[in-house]
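What TrEMBL says about this one:
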- 165-180: compositional bias 'Polar residues' (COMPBIAS)
- 7-110: domain 'Replication factor-A protein 1 N-terminal' (DOMAIN)
- 197-278: domain 'OB' (DOMAIN)
- 306-402: domain 'Replication protein A OB' (DOMAIN)
- 462-613: domain 'Replication factor A C-terminal' (DOMAIN)
- 151-180: region 'Disordered' (REGION)
Amino acid sequence: MDPQNALSAGAISLIFTDRDRVAETFGEPVVQCLQVRPMNKDGGAGGNDRYRLVLSDSVNYVQCVMGVQMSHIVREGKLQPNSLLRLKTYNPSGVGNKRILILVDLVVLEEYTVTEKIGKPVLLEADASAPPQQQAAPAPIATSNFYGVKTEEQKPRVAPPPPRQQTHGGNASRSNNTKNGMAISKIESLSPYNHKWTIRARVSFKSDVRTWHKPSGEGKLFSVNLLDETGEIKATCFNELVDQYYDVLEQGSVYYISTPCRVNMAKKQFSNLPHEYELAFERDTLIEKAEDQTSVPQVMFNFHTIQGLQSVEKDTNIDVIGVIKDVGEMNSFTSKSTGKPYEKRDITIVDDTNYSVRVTVWGKTAADFDGQPEQVVAFKGVKVSDFNGKSLSLLNSGSLSLDPDHEDAHRLKGWYDSQGRTENFQTYNSMASMGAATGRPQVFKLVGDVKAENVGMVQEEYFNIKGTVVFIRQENFAYPACPTERCNKKVIMDGDGWRCEKCNITHERPSYRYIMSVNVCDHTGQLWLSCFDDVGRVVMGMPGDDLMALREEHGDVGTAPAFENAACRTYNFRVRAKMDTYQDQQRYVFLVPIRYQAMSASALDFKAEGRKLADMIKEMSI
């Protein structure tokens, strides 16, 4: 088809005047991109880029703002000036007397090659595009509402005719797709560029009222998460609005919410939602309970696999689902900073990636948790930590669901019942995934490559190797440590006991912890690894106390069989390569300046190794 004939001539005007007819007339309209420009000053760097477009249908052109979720098509070079696009999801808006089209989803029609502007389009004027109901409305688009200014012109909108009530909701019948003649906006399309909208959303989460007291004043707030089929957004009420709206909004119920309502940039440190904006209710925000409570989903998940946590950055908020492997006891403790009591419980979950992870829940959730091993549990809003490799913590704004009616839950239950119950799971041991804490996937290397590339020479680096234990130095393989939990400092003999200077306690016996030098190899070379207690226990197959007891009782003859048994075994090692330093100065020790420390060791999973080899063969096209 000729590119000019492919354009939906007249569609842009119709989008702003009679949106319902657009689908009837054009389906998904096809337009031409005349201009693409980044909105942020750094030119669209950093991944949170937004772009301003000018789109034409050959009759009119209009300014557009593209949602950040679509920015990748610009970064990838797919969207260029003069390209033809198909608009799939969009939202007409306005700022003052200007018309702006918010682009939520679009497709670049790469089959058309166009090098110049089609037709002689003119700017879509505001007076030509205003909908009939907006032209007759006594109140203009309330741009001042965005900044929180209360004007008298807003009053007619706040007092609709009876029997409808402004905030407590009414039983007036309404269409599923319109409210008072205005199309229902989708949550994913909300932005500061759209000043007049109505959403239909379910309250998926409602916080308690929180108060603060500062020298500058005091206040209170509560927040809700609002959900529709396209996404989820946080909304907050402050001070006197808490009394106005707290009892109106019920968790789990569906509401129509209309402007005036501010749309601000999301404060990610206080939210676990991916939406780039959040809402702040105003005194005149319209909230009405919907008659149809079933048309909006109950909850929306964006699950990560447990194995996929390796590439998730620290402090990221995510959703995760798994089968409960273990439920820990509830522990109570007092916060040192606030003096308040807290409860916590650790739950270990697994999934069909053959990985496990610990999830910590807090407070009332920890106390009330009644899940049992082999049940499926879904967590919404957990924070990723790199403590002990990787661990998760349920946020105050998060939630959990036992045996949810979700396709992933049904799939995991079937997998666990058929084969997962007998699987061995890879755990995130202490520091096992430090490289992944930076958002980088784990790097697997051969020993020869590690040396040839001088890994760790310039900066600290982490990598994985598959190595076979060749030799273990048997002298000074362990040190006497303080047995107090999480101390591990070296103790010194003091009379009949062992004294810890840090704890200021004398113990009857120390706890011997491994500090070993282990030589490992693969088919490309050998490497000396420094190994501490966690790795030593894996390699030796026993605690340091047991091995030291053999030496104390039988000398080196008693420990020799243990060292012989540990040799010639193969493990997956997580290794840190780092320049050796002394008093903050890099030094070369025996011309081997890089120190390799084994952060974790795990026995080979032959099923996973087989899959890895199969993937390598596939990449080689053998």
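Each Cβ is built from the backbone N, Cα and C atoms, and glycine gets one as well.
All annotation found in TrEMBL is predicted automatically rather than curated by experts.
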* Structure fact -> For the domain 'Replication factor A C-terminal' (462-613), the candidate among 7-110, 197-278, 306-402 having the most Cβ pairs under 8 Å is 306-402
* To do: Pop the mean pLDDT for the domain 'Replication factor A C-terminal' (462-613) in here, whole number is fine.
  => 86
* On the DSSP side of things, how many residues of the domain 'OB' (197-278) fall into helix, strand and coil, could you say? => 9 helix, 46 strand, 27 coil
* **DSSP residue counts for the domain 'Replication factor-A protein 1 N-terminal' (7-110), split into helix, strand and coil** => 22 helix, 45 strand, 37 coil
